[in-house]
Amino acid sequence: MDTGDNSDESPVQPKKGKSKSKAPPHKAKASALKQKSPAEFFAENKNIAGFDNPGKSLYTTVRELVENALDSAESVAELPFVEVTIEEINKSKFNSMIGLIDRERIDEALYGDFETVKAREKRLAKEARFQEIQAKNVALGKKVKEQTSAKAIKGRGEASFYRVTCKDNGRGMPHDDIPNMFGRVLSGTKYGLKQTRGKFGLGAKMALIWSKMSTGLPIEISSSMKNQSYTSFCRLDIDIHRNIPHIHVHEKRDDKEQWHGAEIQVVIEGNWTTYRSKILHYMRQMAVITPYAQFMFRFVSDTSDKNVSIRFARRTDVMPAVPLETKYHPSAVDLLLIKRLIGETTKQNLLQFLQHEFVNIGKSHAERLIGEMGSDFSPKTPVKSLTPQQLVRIHQLFRQAKFDDPSGDCLSPAGEYNLRLGIIKELNPDMVATYTASAQVFEGHPFIVEAGVSLGGKDVKQGLNIFRFANRIPLLFEQGADVVTRTAMKRISWNSYKINQTQDKIGVFVSIVSTKIPFKGTGKEYIGDDISEIASAVKNSIKQCCIQLKSKIVKKIQAREQQERKRNLSKYINDATSAIYGILKESSQLHAKKKRLDIKDEDAEILQKVSNRLITKEILSEKLAQHVEQVDYEMAMEYATQSGVREEPRENIYLQALEPQKNFVDLHSPVFVFRLFL
C-alpha cells in the first residue's frame, strides 16, 4: 500500500532512551490540492486555440482580431471597414520598447549560431565550388541549379517580433467592460446558442496571453461607441494565475473625429516569412465570403522591398441578416444542460418550462410528453423541485421521443448573391455557378450548405482549388480530412459535367453555417465526413453547381464549334467563289445557246445576270463573306442571350440609399438584388 512516505523501504529501528517521536507514515501531511485558472490552462495548452508556434500564433492573432471586427460592425448594421497592419519590430527596437539596453556579445562560442574557423572555411570553399560549377553550366547553356540552403543551426534562433493592429468601424465597447472583455478568459457575449464566427470564445484574450508569454508587453485598446463624446483607452495585461486583468492605463480621451469602433494593438513573437502566404490567403478568402466588407491589409518592414499593401474592395452593400439567438432543440440537450436551463428559467411549472425553453414543443405536445413521463410528473409540477432521477427521466424521453426539425431561421448564410460576387471579385473566373441548399438538421442543430463552383480565373492553379468556410470564416489547415475536400475529390464525377479535373482551373467553394459546427480535432480546423447529413448536403450542393455549369459549357462548346465553322467557311470563300462562278458562267453560256430548256425562271434570271456581268466573281465573294458574318453574328447573339455577358464590370458597384432615413425592402435573386424604396 502506498502511504505517501518518502522513507526507505526498511524501517529504522528506534534507539533506546529518550528521543523525539516521529509521526507514523500514514499520518504524513497530505499534499495540498492545486487549482488552475482558465487563463493558466490555455497558456499551458495554447495549441488548442491555434497558438502552436510563432508563425501560427501570428496568423491566429490576425484571424481573431478580423473576425471580432466583422462581428462588431455587423451587429450595428454597419458596412464593415477593417484595417489590419503587421509591423515588423527588429531586436534593437524591441529592446528599447521594454527598456533593455543592447549588449554586444562577449563569448561568441556561447551562442547557437557560432561558427568555428574550420567550419567557416569549409562552408566558403563549398560555396566557391558551387559558383564555379554554375558559371560553367551557364557557359555551356545548361540548366542552372539553385543553391541549397545551409543546414539550420541548432537552437531556437533569434525571435522575430511584430506589432499587430486591427481597427474597425463597429459597435465599440462600453468603457467599464473593456478590462474584463480582454483580461478575463471565458467571459464574453458569444456563449448563447447562435451562429457565431468564433471557435473558442477567446477572441483577443489568447493573443494577450501569447503576448505576455513571448514579449511581456501589454495590449492597447481604443474604443468609442456611437453618440459617445469620448474615446476609451486602455492598456492592460492579464494575471495568468488569478485570471483577472492587470490594468496599466484606463482613461477617457476626447473623440474629435466622432469615430466609433475599436482599435486593438498587440506586440507578439511571430514568423511572417513562413506564414505570409497563409495570412494573405486568409484575407483573400475572407474577402470572398464577405464582399460587403472592405479590408485594408499592410505589412510594414524596415526594408521597403518587403512591404505589402493590399486593398480588398467592397463590391456590394447587401449584408446578411444578423444571426439570431435561438432556443435549444430537445434532441440536442444533455443532462447538465437541462439542469442549467432549470436553474436559469423564470417559469414556475414543468408545462411552461417545456413550452418556453425549447423549440418545437407546443402546449399539446408538452402535455403529451408530461403524460409519458409517469405518475410522478404533472403539468403543474414546480420545475425547481424536480429530483435528479426525474431529470434523468426527462433526458431519456428527449432522446427517444420524436420532434419536428428546427428551422433555419436563426441562421445567417452569406447568400448566393454575396457568394457569387465574392468569387467574381477575387478570382475573376470565366464561369461561376452558386447554389444554396435548404436548411437541414443533424443532432438537433440546423445547418445550411452553400456552394459555388468556378472555372478559370486569376491566380488559380490547374485542378481542384478548394475553399472551405464554417460560419463564414475560412478554414485553411488540415484540408485533406475535411468533408468538402473528400467530397470534391472522390465523390463528384467531374467528367460527366464536361469538366476536366486535372487540366481545368476549378474553384470549389463550400460554406457551412450552423448553431453548432461539428469540428474535428482540438484545433477546430476541419469538419469530418462521418456525419452523413452534412456529407450528403455538401455533395448535392456541389452537384447542383456542376449541373448549372454543364449547360453553360455545352453552349460554349457549341459556340466554339460555330466559330470553327465560320473560320473554315471564310478560309474557303475564294475557292468556293471560283468554283461556283465557273459553273454559273458555263451554265449561262449553255443557256444562251438554248441547249438547256428545263431551267426555272428564277435560275434563268440569275444566269442572265451572269451573262450581263451584273453578277461577277467579286460580287459573289463579297456576298458569301457577308452571309458568313451574318450567320456568326446571329449565333453569337443567341449564345450571349442564353449564357449572359461574361465580362464583369471592373469598377466597384454597390447601392447607396439616397436618404438614410428611407425604408427599403431587398428582393433577392440568385443573380441580383432589387432594392425597393418605400
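Cβ coordinates are placed from backbone N, Cα and C, and glycine is handled just like the others.
Because the structure is a prediction, the values reported are computed rather than measured.
Residues annotated as ATP binding site in TrEMBL: N68, D168, T189, K190, G198, K199, F200, G201, L202, G203, A204, K205, K524.
Taken from TrEMBL, the feature compositional bias 'Basic residues' applies to 15-29.
Marked as domain 'DNA topoisomerase VI subunit B transducer' by TrEMBL: 406-565. Taking the domain 'DNA topoisomerase VI subunit B transducer' (406-565) as a whole, pLDDT averages 90 in the prediction.
Residues annotated as region 'Disordered' in TrEMBL: 1-38.
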Sparsest-packed among the binding-site residues, when each Cβ's other Cβ atoms within 10 Å are tallied, from L202, A204: A204
Protein Cβ atoms within 10 Å of K524 (ATP binding site), excluding its own: 19
